[in-house]
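**Q** Among the features that TrEMBL reports, compositional bias 'Acidic residues' is placed at 316-331. The domain 'Importin N-terminal' feature in TrEMBL is assigned to 23-91. The annotation region 'Disordered' is assigned in TrEMBL to 307-336. For 910-948, the entry in TrEMBL reads repeat 'HEAT'.
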């Protein structure tokens, strides 16, 4: 049989398809023979053809790779393999064959090492890894590295004893491969490093760096592979590297700065700095590494890309950059050092405190903006762009005006690359510097319109400029709100003219996207353009569009969804059913994940109009969406190179019984990894989110599908992709809130029980995610979901055992940076090292506190408030950022309101904090503090009565010097809360005239409830004290009655008061009417008919 098998393998090597096909069929039959294992082993040992020997080794490994396969091999054959394999490895001269045989050794080791059935292997490794013969050491270390790649768990008990071996191997000067194999073995075993081995492993890092430095001079590819060790340590045991952070960063910067080296090794070292910034920023700060990193990053960004020895032939000239308009130039797939350096800069902005980062960055940016070198100007604008998201508060408060001026100038730069980079920066400003940048609408929009015209005319030559211009335009417009209206005619004329022209499909796609952004801002004010928009949209909504029109169709459906949400229910309702049917038809006819994703978004948008149109189609819609949630489409398995040709030889005839499946511990060792296309990930995420939103809008109609939806999305809790985990959490939150609403509205016992059961698994899982998930955005989604559930489901969410304690603990852990996604520090007083990105997470945690207090009730929550109070107060230091202070005061104010009378024990702690805050230089802090002091007085009973004169004096001074409408509104409301709580302790004749001169409120209309409830109480119980102010009260009432500034209850209150004054004090009423515009007078005379 051995000769026959060798002959078949030789035939497979002949470059003839017919011969290969015939040999393949023969091999399939031979592969089923029970004696195939010893026969393959014989071919490996005797064949003179190295390709045949390698082929046989690969087939042998595949035949025994799984535990159930190994168990079917007779013991005598297994022992023969153990006895012969190591000798074959020693004798084999061909590298590829030796590698394949070593893989067989590894497969056997994985099965036999745990049970101690192959002691000869350890004897072999002991002898040959320490041999005085360099060739034998190389073979020994090679076998160890190969075995460790498969049997790493089985080798864990021997890890400590291997540390001395690694240390010696890394210092081996006779061989280049021995140190390399040692690093490979360390990489394979990194996940097994525990507290017992950390110190020993740490001591090896400097030696590893020495080896890598030597490898770079000889073989950059091997050096890159060796650096995988640091990637593994970053993922699983980052503490190993902490003592050597400075040494490692210095090494990485040296490599990254060396333009003589290839791209791969330079990007590898930049990647490590990026990871370190994300996970151990405090170590970077401690060792003062920010400036040294920037000293390398910015020059790398300034360098025109020129492939090093490890790359291809493309060179990037100043004016001839081949830029893919469809790819984010500085995104996660950046493949050149200068682009990857921008990514690292972005990561630093996200994770470092802006006070310590931005000044260092600006030392490079400011001179570069005025440089004669266009590459330096471009790098400056790219830097400004990528740091904007992470440092938005700092830039908005301290640098926005000068940087915006530079960016606007840069847009007109003679260099196309520089102009595009400046437009990229402007787009980032428009997205992340809201709402402040909206104040520049009158200057920016004409500039953008002008540049858009130029970009359209030169779209063929500069597609990247067109994309960046559209992005800046739509992000700016989307955030303008009603302020877009003066510019809407010009904007829509430009966009509709593109759509009605023979412009490229890409330009039409961008125009549709911009219309969606305009709809989000203008809402129903876009109605005059709605017919013309729909006329253009319908051209791309047919199920049978051509393949090249697909991306336009995707955007057209996204825009249709935006219109459904914004144009007004009564305006879109006639199209609702037609749009649902369109979406269903598209789902039936398409296999495109992007198209399915946008259709799901369209369904969610239509559901927001009301459940009537959606209900009859829910079964079909939910079925499609669950298919996407459960789908494995787009997943590609990547096989080890040597295995890629051998999948036809799987054990096709082998039937696995139930016991085999349950006992099977082995993954497919032939699979090197998996990849998933982003489009399918985005589809799955949007399917989750849209499913949850549809459930929340359709309520009871969704109940038949709720349980299966819940089961499907919870299966994605632990998905490898963070955005999928985030989507599943958001969906689960919607589903829980939907079931809670239905249970409360219907009173149905079964629904209520279902809600309790759902919460009993969901709440602990969300707590676990907050504590253990490594991705901040997933954690923020979990916190947001808990907040939403507390707000909508209320007390039932806390009925489960440990729910209240668990939620409170995980929120406090976020504040104390103890969760897995935070860089926990053992050093004290590290709040100054927080990035704005850190505060974003803490703000999400803070948002939970007041809702937790409301759901639990003041008395039950008060003990937890005692724990949260210090965490919030520490963010109110003199050197705290504006964002920190505003967040802390706002959170304390909302929690003060939620606690109600239970705030009593904390009054003396909070009172001085709020009184200090009302004098703060920042308007947001002052506004929050004014709100807070009013709430504190209202809820504290008599505790602050003695402070009334002082409080009123401070509020009076605030009103006299304040110019910010919102702060004035909050201050007026605070005074009204004092009056409402204890009117007899307020000198109304002095206080009321001051308040009335600032009414009606200008911006914060929610406080109208407070203000007019106070006025209503005074009119009802203290009329004699306010009679002199009635004309003014009547005039103020006339200005708000019939407007959206007040709710229906306040409307009724004011109308009742006005009618009563008209009946009981006709002279006062007539006096008031005579002093106001006729329009307002007429409104008062007929107001009782309108209520």
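Even glycines carry a Cβ here, placed using N, Cα and C.
Thinking about packing and proximity, how do these listed features fit into the structure?
**A** Within the chain carrying the repeat 'HEAT' (910-948), a Cβ under 8 angstroms from the stretch's Cβ atoms is held by residues 873, 876, 882, 885-886, 889-890, 892-893, 896-897, 899-901, 903-904, 954-955, 958, 962, 964, 966-967, 969-971, 973-978, 980-982, 985-986, 1004, 1007, 1010, all 6 or more beyond its ends.
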**Q** Would you mind splitting the domain 'Importin N-terminal' (23-91) into helix, strand and coil residue counts from DSSP?
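**A** Across the domain 'Importin N-terminal' (23-91), the residues distribute as 58 helix, 0 strand, 11 coil.
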**Q** Mind checking how the repeat 'HEAT' (910-948) divides into helix, strand and coil residues in DSSP?
**A** 29 helix, 0 strand, 10 coil
**Q** Averaged over the domain 'Importin N-terminal' (23-91), what pLDDT does the prediction give?
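**A** On average, pLDDT over the domain 'Importin N-terminal' (23-91) sits at 89.
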